[in-house]
Amino acid sequence: MRTLWIVAVWLMGVEGNLFQFGKMIKHKTGKSALLSYSGNPCYCGWGGQGPPQDATDHCCFVHDCCYGEENACYPKTAFTLKFENQIIICDEDPCNYAVCMCDRVAAICGGENVATSDAKYLFYRSMGCEEESVQC
């Protein structure tokens, strides 16, 4: 029960429309975003600091940077997306499009690096995450 509570609190702090981002990740990786990528190790999940620890963590780092660049748009916005022939198509509204594209790029990156994702990083915070953060 404690684990469920921790996950619920974690979900409240995640930027972006988590459900839609999760659909993209599932579409591109075949894996559940929550079960396979939470806390991998420095940037996947809420917050982030230190240098990315692996290719998957780097995808999440780039995602965080993208949200930072789109600061004029509310990153928790719901947007329209669809899947056509394995391609993620984003809504055309400027802010929705910007946020959706941040999620889309991260999901594609995750799909390209699915083989490098290591289960040992699930809900794991590495000592390397305490090092100085890299710039976007």
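Counting starts with 1 at the first residue shown.
Backbone N, Cα and C atoms are what each Cβ position is placed from, and that goes for glycine too.
Under 8 Å, Cβ to Cβ, and six or more positions away along its own chain, H63 (active site) finds Y43, C102, D103, V105, A106, C109. Annotated active site per Swiss-Prot: H63 (among others), in sequence order.
D103 (active site) is surrounded by 26 other CB atoms, counting those within 10 A of its CB over all protein chains shown. Annotation source Swiss-Prot lists active site at D103 (among others).
Under the three-state DSSP scheme, D64 (Ca(2+) binding site) falls in the helix class. The Cβ of D64 (Ca(2+) binding site) has Y43, G48, C136 as same-chain neighbours under 8 Å, each 6 or more residues away in sequence. Per Swiss-Prot, the feature Ca(2+) binding site maps to Y43, G45, G47, D64; the stated evidence is similarity to another entry.
All protein chains considered, the CB of C129 (disulfide bond) has 20 other CB atoms within 10 Å. In the three-state DSSP scheme, C129 (disulfide bond) falls into the helix class. Summarising the annotation, Swiss-Prot assigns disulfide bond to C42-C129 (among others) and lists similarity to another entry as the type of evidence.
Sequence-distant neighbours of C44 (disulfide bond) (same chain, 6+ apart, CB under 8 A from its CB) are Y37, S38, T56, D57, C59, C60. In three-state terms derived from DSSP, C44 (disulfide bond) belongs to neither a helical nor a strand segment and is classed as coil. Annotation source Swiss-Prot lists disulfide bond at C44-C60 (among others), citing similarity to another entry.
Sequence annotations record features per position, and here Swiss-Prot assigns disulfide bond to C59-C109 (among others). The Cβ neighbour count for C109 (disulfide bond), using a 10 Å radius and every protein chain shown, is 20.
Residues annotated as disulfide bond in Swiss-Prot, with similarity to another entry given as evidence: C65-C136 (among others).
Taken from Swiss-Prot, the feature disulfide bond covers C66-C102 (among others), and the record attributes it to similarity to another entry. There are 25 other CB atoms within 10 A of the CB of C102 (disulfide bond), with all protein chains counted.
A helical conformation is recorded for C95 (disulfide bond) in the three-state DSSP classification. Annotation for C95 (disulfide bond): same-chain Cβ neighbours under 8 Å, separated by at least 6 residues, are E70, A72, C73, Y74, T77. Among the features that Swiss-Prot reports, disulfide bond is placed at C73-C95 (among others), with the record citing similarity to another entry.
If you look up Swiss-Prot, you'll see C90-C100 (among others) marked as disulfide bond, on the strength of similarity to another entry. Under a cutoff of 8 A between CB atoms, and with a sequence separation of 6+ in the same chain, the neighbours of C100 (disulfide bond) are Q20, F79, L81, I88, C90, D91.
For 1-16, the entry in Swiss-Prot reads signal peptide, with the evidence type experimental evidence.
Cα separation, C65 (disulfide bond) to G47 (Ca(2+) binding site), rounded: 11 Å.
For the recorded Ca(2+) site, residues Y43, G45, G47, D64 set the reference point as the centre of their Cβ atoms, and the other residues of that chain within 8 Å of it by Cβ are C42, C44, W46, G48, C60, F61. Note on the binding-site residues G45, G47: the fewest other CB atoms within 10 A surround the CB of G47. Under DSSP, C90 (disulfide bond) is assigned to a strand (E or B) in the three-state scheme.
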